[in-house]
Ligand SMILES: NC(=O)c1ccc[n+]([C@@H]2O[C@H](COP(=O)([O-])OP(=O)(O)OC[C@H]3O[C@@H](n4cnc5c(N)ncnc54)[C@H](O)[C@@H]3O)[C@@H](O)[C@H]2O)c1
Ligand SMILES: NC(=O)c1ccc[n+]([C@@H]2O[C@H](COP(=O)([O-])OP(=O)(O)OC[C@H]3O[C@@H](n4cnc5c(N)ncnc54)[C@H](O)[C@@H]3O)[C@@H](O)[C@H]2O)c1
């Protein structure tokens with residue numbers, strides 16, 4: 001097989017391989033990839049493709065993508081769902097599976113997810129279960145999905161018992177991260193995705209965090225820095241996924257900022273008017289570093305640097321920044337206790353000894369969390 | 001680990017290993033296994049078990065099984081669904097996943113399917129997707145599920161586009177086939193399962209088919225022949241599954257009798273008052289052998305032997321035996337063409353050169369099928 005990087009269609013792009021044995025695939029990152037998606041996807045050997053998208057993204061890009069696929073002789077259909085987190089439901093799963101089966105997608109054919117993380121998670125799950133598994137391609141259209149949700153094979157829907165509680169591990173056959181698609185993304189969504197970009201530096205790559213501090217404006221503006229940031233994030237996530245595909249250990253580091261973040265999402269009832277996932281993560285990252293500092297694990301100056309950078313990029317970093325408030329310390333602790341990372345009463349956090357030095361800290365006592373949150377909620381501090 | 005066969009709880013039983021690498025498991029076959037299920041299931045290291053059952057089976061056996069589990073300190077819950085094929089739906093999937101999550105089943109814990117193939121397929125699928133996969137144990141309670149559906153890891157639900165079109169490959173951690181549970185099974189269900197038992201002989205084991213001819217009454221009566229027949233069927237199915245876990249080749253042999261059988265089920269609208277799956281399979285087996293004979297592949301005497309044995313066991317063997325009729329030749333061909341085994345216009349059949357000598361025959365021309373069905377529908381023949 002010709003290495004994908006050696007092919008010459010369209011503009012130049014970066015290839016990030018995800019070496020997962022017989023489930024290995026490439027992530028291509030670059031501007032304009034969607035225009036040449038036809039040849040790349042046809043090369044996977046499918047005869048038909050069912051595009052899954054949402055009502056924001058479909059009108060902008062589904063025609064372009066469908067045209068590119070049809071031009072290569074792929075029988076193409078499109079199913080369009082309402083945008084938003086509520087779309088990650090059993091009812092949508094049924095709708096997408098029905099559309100995939102109606103489109104006579106066979107085991108060799110493809111489901112193509114064209115959208116943000118909501119569409120990627122839903123369409124990937126439908127691909128995992130329709131005919132007990134058909135292949136799928138991710139064409140992520142948000143920064144968050146390009147740097148996070150489209151990589152790693154976690155797919156799923158939400159349950160009344162919590163987010164992402166029903167799903168499958170199902171790796172895509174190809175990820176096309178066309179960074180030009182982000183030009184139409186609302187800036188708030190751009191920022192939310194950026195919190196995950198910064199997270200990769202904070203986890204284990206101080207150099208990348210420094211690069212972010214120097215180059216974040218280019219990421220937002222759509223210069224070559226954007227492609228670099230997406231590619232580097234994908235490399236970071238791919239490396240963790242390859243070490244721990246089914247999330248039994250290491251992969252938990254990716255949850256840096258997420259224990260607090262998820263609690264805030266829960267408290268704001270997943271109301272995106274109040275808080276989107278990436279905003280919760282941004283506050284969570286700042287809290288994880290301040291908590292690490294409070295525990296004497298991490299220099300306070302590192303926690304300050306984290307907060308300063310996220311703020312510069314327009315992200316919230318304090319509990320007080322949650323529109324409508326975030327309740328009491330008990331509300332927060334309750335919301336955290338519902339998180340799946342809670343085992344046997346004690347809380348597991350991802351903490352840090354400094355920027356780029358995060359680690360899994362199981363068995364953090366509730367008392368320590370409580371007094372930290374007390375100080376965070378104290379208006380004299382925030 | 002102690003080999004399970006060496007353990008002494010309860011009466012003696014037969015162990016059939018399914019050597020699938022890191023997904024290997026044992027099938028235990030014997031009378032009274034449910035009473036000692038607690039120790040066996042506790043040995044898997046779970047702390048909680050969610051039993052999934054139906055309204056026929058639950059009242060008979062769920063209390064016994066739950067008691068056995070609770071006696072071993074497993075936190076146990078029961079969710080009971082309506083009996084019947086309609087239960088293999090998205091709505092039931094949601095109900096079971098909700099129950100599993102409400103019972104706080106974690107990745108190390110268990111879903112336990114207590115019922116026939118409907119419950120096994122549904123609960124297995126829920127286990128595959130709840131928290132992106134928890135372990136499950138099959139306690140099959142019909143002959144069909146003991147010899148067929150509980151072995152091999154195919155799980156799923158039905159879609160408006162066809163049966164079993166949405167699901168997952170998810171191997172159980174243990175199968176407990178308690179043959180005493182079949183004592184309460186309606187004889188019609190017993191016969192339907194028996195068609196699958198006979199099928200294993202017909203596929204590739206003439207000796208087993210001869211054994212069936214001599215011993216089938218003991219299988220129905222519940223003597224040691226029943227355990228033998230279940231164990232031998234499980235061995236046969238396990239061998240095929242191990243060769244072809246994800247149904248890319250060989251596993252298709254298990255569909256002997258099923259191309260015709262599925263068409264008949266479709267024509268009778270899956271109305272179990274008219275035809276249950278195993279009855280369709282019985283007619284399908286007889287047809288597959290007569291078709292093989294008509295094509296000059298198989299001695300007519302073998303086809304007659306197949307029909308004679310299935311009839312002796314009280315099973316239908318002719319299109320004319322379908323209550324309410326089976327429509328015209330075109331109806332049958334249409335119904336067959338909808339089957340997933342149809343590729344590129346030509347029909348794939350499982351045919352036989354004799355009893356125990358089945359093979360995959362792709363590309364059978366519709367004309368040949370048509371003239372065979374014509375002769376079968378001709379009242380002067382049947
Ligand atoms: N699978 C994983 O590993 C993983 C990881 C992180 C997050 N997630 C999931 O991802 C989801 C969040 O993803 P998201 O932030 O991409 O949200 P999203 O999919 O809801 O997209 C955000 C909004 O942007 C719109 N949009 C998308 N692309 C656009 C474009 N190019 N131009 C204009 N508008 C566009 C969407 O219609 C939507 O309104 C959550 O459900 C979360 O659970 C999954
Ligand atoms: N996963 C696979 O590989 C596979 C293989 C073959 C069939 N199947 C599926 O299996 C299903 C059919 O399974 P089935 O024939 O077991 O049907 P079933 O589960 O509907 O059970 C048949 C009937 O018997 C009742 N019953 C079950 N056990 C009983 C007992 N011990 N005493 C009294 N009543 C009892 C049930 O309530 C039901 O009414 C179909 O949905 C088919 O698609 C799956």
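A Cβ is built for glycine as well, from the same backbone N, Cα and C atoms used for every other residue.
Per TrEMBL, NAD(+) binding site is recorded for B:117, B:118, B:119, B:120, B:121, B:141, B:142, B:154, B:163. Annotation comment: TrEMBL describes B:196, B:258, B:277 as Zn(2+) binding site. Annotation comment: TrEMBL describes B:79-191 as domain '3-dehydroquinate synthase N-terminal'. Taken from TrEMBL, the feature domain '3-dehydroquinate synthase C-terminal' applies to B:193-342.
A map of TrEMBL features onto the structure.
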{"residue": "B:117", "record": "NAD(+) binding site", "DSSP class": "helix"}
{"residue": "B:142", "record": "NAD(+) binding site", "DSSP class": "coil"}
{"residue": "B:163", "record": "NAD(+) binding site", "DSSP class": "strand"}
{"residue": "B:196", "record": "Zn(2+) binding site", "DSSP class": "helix"}
{"residue": "B:258", "record": "Zn(2+) binding site", "DSSP class": "helix"}
{"residue": "B:277", "record": "Zn(2+) binding site", "DSSP class": "helix"}
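For residue B:119 (NAD(+) binding site), the nearest of the binding-site residues by C-alpha distance turns out to be B:277; the candidates were B:196, B:258, B:277. The average per-residue pLDDT of the prediction over the domain '3-dehydroquinate synthase N-terminal' (B:79-191) is 96, rounded to a whole number. B:117, B:121, B:142 are the binding-site residues among B:117, B:121, B:142, B:196 whose C-beta comes within less than 6 Å of an atom of ligand 2, given in sequence order. Comparing the Cα of residue B:121 (NAD(+) binding site) with the Cα of every entry in B:196, B:258, B:277, these being the binding-site residues, the smallest distance points to B:277.
With the fewest other C-beta atoms within 10 Å around its C-beta, B:163 stands out among the binding-site residues B:163, B:258, B:277.
The Cβ of residue B:117 (NAD(+) binding site) lies under 8 Å from the Cβ of B:140, B:142, B:144, B:145, B:148, B:149, B:150, B:277, each on the same chain and at least six residues away in sequence. Geometry remark: residue B:258 (Zn(2+) binding site) versus residue B:163 (NAD(+) binding site), CA distance 13 Å.
Within the same chain, residues at least six positions away from residue B:196 (Zn(2+) binding site) with a Cβ under 8 Å of its Cβ are B:143, B:144, B:147, B:148, B:233, B:278, B:281.
All protein chains included, residue B:119 (NAD(+) binding site) registers 33 other Cβ atoms within 10 Å of its own Cβ. Secondary structure of the domain '3-dehydroquinate synthase N-terminal' (B:79-191) per DSSP, as helix, strand and coil residue counts: 47 helix, 35 strand, 31 coil.
Just so you know, the Cβ of residue B:142 (NAD(+) binding site) picks up 26 other Cβ atoms within 10 Å once every protein chain is counted. Residue B:121 (NAD(+) binding site) counts 26 other C-beta atoms within 10 Å of its own C-beta, drawing on all protein chains shown. Highlighted in sequence order, B:144, B:148, B:195, B:199, B:257, B:261, B:278, B:280, B:281, B:284 have their Cβ within 8 Å of the centre of the Cβ atoms of B:196, B:258, B:277, the residues recorded for Zn(2+), and are not part of that set.
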